[in-house]
Amino acid sequence: MSAAKLASVSPSIQICRIMRPDDANIVGNVHGGTILKMIEEAGCIIGTRHCNSQPGDRCVAALARVERTDFLHPMFIGEVAHVSAEITYTSKHSVEVQVNVLAENILTGAKKVTNKATLWYVPFSLQDVDKIVDVPPMEYSRPEHEDEGKKRYEAQKLERLETKERNGEVMTSVPLPEAYTVGFSQSSLIHLVGPSDCTLLGFVHGGVTMKLMDEVAGIVAARHCKTNIVTASVDAINFHRKIKKGCVITVSGRMTFTSNKSMEIEVFVDSDPLVEAEKGKYRAVTAFFTFISLDKDNRPLAIPPLKLEGEEEQKRFEEGKTRYLQNKAKRLADKERHQ
């Protein structure tokens, strides 16, 4: 053990908040983006606290990646969200945070698990915003926990590198698109990054970005189905580059795959610096969102099949189908393991 004292085993925090009307859609379902924002806030707090637990540069933990996130049950207006975050692994320059979300009915006291998420943070110095500081090591209750965490760290690092190779892809609009085609539901949102969107370092909070991404994905899903839609899951969200205060971001979404009861939407976030325009526009964040369609009784509805046009759309559809089948197999395996 080094001279520096190791951080305590599995430091954790919990935050709570009641869900208000502006947190939800017109039928009372809390927006997936609202929940994602709370998840990131909890992760940022615990990650920043841990990274400042030893002497040295003061820093802020910046979100680098969110692993697949499933929305297990809907949350409604009037329920209390209990968001608990726990640090489960540290590398030299990153922190893994596991977050669980419970929804509490304040009338009955009944609670249900709505979300489980894994987030990765990287600490940046308050003195030099381009400097990544070292993460204080944590003490593990069992040696295998550290080994398992290292495997997760290597896997996410490899996938982040792979997704960077796809960043040059450009989304193009389709004039007068036919219903149920990719172009028919494709949507974009433009947002000027203000001070309230940013961390102490002047970069956008990951939770703000994720909320905007969920809104765009929701618009795409609603345009395709013309029904009430809710977020079902979010695959890994990769934060490739930081977004500064004052940038204009364009959040774009397009349908990539539909099954009988779900639809996958790919979402991109492009940042355009206004002050440093010479640096040019760049791809900052990418992710896949999965939505389902619900009737008035919150029961799943069939999804209209996606009409494909061209080889590129066919290729993206097949890739989405592969992800769908892999995730379905994983859910079945997890269910069997917990029975």
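A Cβ is built for glycine as well, from the same backbone N, Cα and C atoms used for every other residue.
Whatever TrEMBL says is automated annotation, not expert-curated.
As recorded in TrEMBL, the features of this protein are as follows:
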ACT_SITE  Asn25  active site
ACT_SITE  Asp214  active site
DOMAIN    9-127  domain 'HotDog ACOT-type'
DOMAIN    183-297  domain 'HotDog ACOT-type'
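Using a 10 Å radius centred on the Cβ of Asp214 (active site) and all shown protein chains, the other Cβ atoms total 26. Residue counts for the domain 'HotDog ACOT-type' (9-127) under DSSP, helix first, then strand, then coil, are 23 helix, 58 strand, 38 coil. The distance from the Cα of Asp214 (active site) to the Cα of Asn25 (active site) comes to 12 Å. Taking Cβ-Cβ distances under 8 Å and a sequence gap of 6 or more within the same chain, the neighbours of Asn25 (active site) are His31, Asn228, Val230.
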